[in-house]
Every structure is written in structure tokens, then in C-alpha cells.
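Student: Per TrEMBL, the features are:
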- Arg20: active site (ACT_SITE)
- Asn38: active site (ACT_SITE)
- 5-91: domain 'Acylphosphatase-like' (DOMAIN)
Amino acid sequence: MSESCAHLLISGRVQGVWYRGSTKDKARELGLTGWVRNLPDGRVEALACGPQEQIEALIQWCHQGPPAAQVSEVEVDWREPGETFANFKIR
């Protein structure tokens, strides 16, 4: 299976609810690399790279997030792999 990347923008109640840490844990569980960070506008941004099937599993998880999150939208922009990452981390 070929490698790809997805840039994600997650909206809703996604800051202060352990969203980044949970996303990192889920991405690592799925064997993905990349990063996740909070944005000043209250959204969470992530870049996930790896097999498309695993990225799709992370995207599905992002629609729910951790228990305290209330996700209203997940925007996905598929990209060709560019920068390589050793693991998945919080920025």
C-alpha cells in the first residue's frame, strides 16, 4: 500500500480536552507519523502520514475524539508525502 498524508483541521470543543495527546496516542497506535498542534483560533491542526487505510482510521477517530471533546467538523486535505517524520508528536 502506498504512503500518503492528510492535513486535518478539527473544529469544535477540541482544546483543553486532551485532544492532541489522544490524537498522538491513536496515530502511534495506527503506525502513523506526523504531528498535531493547537491553533490560536481554537481548532486543532494535524498532519498524518502513512498507509491511506490507517490515515482513514485516524480521520474516523478524529470525528469523535477523546470523551470530553465535541467535534463539529473535520476538514481533510490529502497530500503527497513530503517531509518525513520519525514518529507522531505534539507540536
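Positions of Cβ are set from backbone N, Cα and C atoms, glycine also.
Caution: TrEMBL annotation is automatic and unverified by curators.
What you see is a predicted model, and the numbers here were worked out from it, not measured in a lab.
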Student: Using DSSP, how many residues of the domain 'Acylphosphatase-like' (5-91) fall into helix, strand and coil, respectively?
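Tutor: For the domain 'Acylphosphatase-like' (5-91), the helix, strand and coil counts are 22 helix, 36 strand, 29 coil.
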Student: Give the residue from the active-site residues Arg20, Asn38 that has the most other Cβ atoms within 10 Å of its Cβ, counting over every protein chain displayed.
Tutor: Arg20
Student: At the level of the C-alpha atoms, what whole-angstrom distance separates Arg20 (active site) and Asn38 (active site)?
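Tutor: Cα to Cα, Arg20 (active site) and Asn38 (active site) are separated by 8 Å.
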